[in-house]
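Scroll down for the structure; my scribbles are underneath it.
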Amino acid sequence: MEKIFLNGEFVSPSEAKVSYNDRGYVFGDGIYEYIRVYNGKLFTVTEHYERFLRSANEIGLDLNYSVEELIELSRKLVDMNQIETGAIYIQATRGVAERNHSFPTPEVEPAIVAYTKSYDRPYDHLENGVNGVTVEDIRWLRCDIKSLNLLGNVLAKEYAVKYNAVEAIQHRGETVTEGSSSNAYAIKDGVIYTHPINNYILNGITRIVIKKIAEDYNIPFKEETFTVDFLKNADEVIVSSTSAEVTPVIKLDGEPVNDGKVGPITRQLQEGFEKYIESHSI
């Protein structure tokens, strides 16, 4: 029987109940992580939970969990649910309290829930590429926190779906930031460009992996801003995330990226990613 982790216990889905006064439900007052499982093993799990605890710290949320404890509960959940290929979703909120914008006084216990999902890798997208659209970035100014507040992302993703695209690449003014659920990259003249780490983007774990792969393959990797026009005139465009891995974007706003085919640097990064899965899954 499927198990869900809820506030220190492994329970059945029917037992996994939270209060209508949970601050995650009322205010989106919480954080989350999404961790890939390959061959029954957790991929880059330490990096994910280090970011999880950083996000908690940034919003003043004391979880009383170490990275090691979070990894252990994740392993148990994967084993209990017999997940071979899939993911773990974990979120923490500020807990249950009467509705008030300020933090609860006295403090209440944070609420933590984690569950697993079985699903295959996006082989078709990886091999053939996807369509993308560009859209104005309307999100808040702390995108470096992996917050439950995802309405801006949801609206951007729905815009992509409306125009038969898989991802919406966002921009503030003319400056490209990131995808609605991914980091974005423009490849030009053999150089990978992506937005620098700051409050406008999430420092994606797959982004970190791609940077390391680029170093291994001696591909220049520049963390600097670029424009929508630069993106549309790139030789290759990719988006990356825990679920998307290294996905090529072959069409933007209805127009082909370069010749509309998956490029050679994208293929190198995908090759390196396969090796990284083997060496960084525990």
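Glycine is treated like the rest: Cβ placed from N, Cα and C.
Within its own chain, Lys146 (active site, proton acceptor) has Ile31, Tyr32, Glu33, Arg51, Phe52, Ser55, Leu202 as residues 6 or more apart in sequence whose C-beta sits under 8 angstroms from its own. Per Swiss-Prot, active site, proton acceptor is recorded for Lys146, and the stated evidence type is similarity to another entry.
Long-range neighbours of His101 (substrate binding site) (same chain, six or more residues apart, CB within less than 8 Å of its CB): Phe27. For the recorded site, His101 (substrate binding site), the DSSP three-state label reads coil. Annotation source Swiss-Prot lists substrate binding site at Tyr32, Arg99, His101, citing similarity to another entry.
When secondary structure is read from DSSP and collapsed to three states, Glu178 (pyridoxal 5'-phosphate binding site) falls in the strand class. According to Swiss-Prot, the feature pyridoxal 5'-phosphate binding site maps to Arg51, Glu178, an assignment based on similarity to another entry.
Residues annotated as N6-(pyridoxal phosphate)lysine in Swiss-Prot: Lys146.
Looking only at the binding-site residues Arg51, Arg99, the densest Cβ neighbourhood within 10 Å occurs at Arg51. Recorded residues Arg99 (substrate binding site) and Glu178 (pyridoxal 5'-phosphate binding site) have their alpha carbons 33 Å apart, per Cα-Cα distance. Per-site Cβ counts within 10 Å over the binding-site residues Tyr32, Glu178 peak at Glu178.
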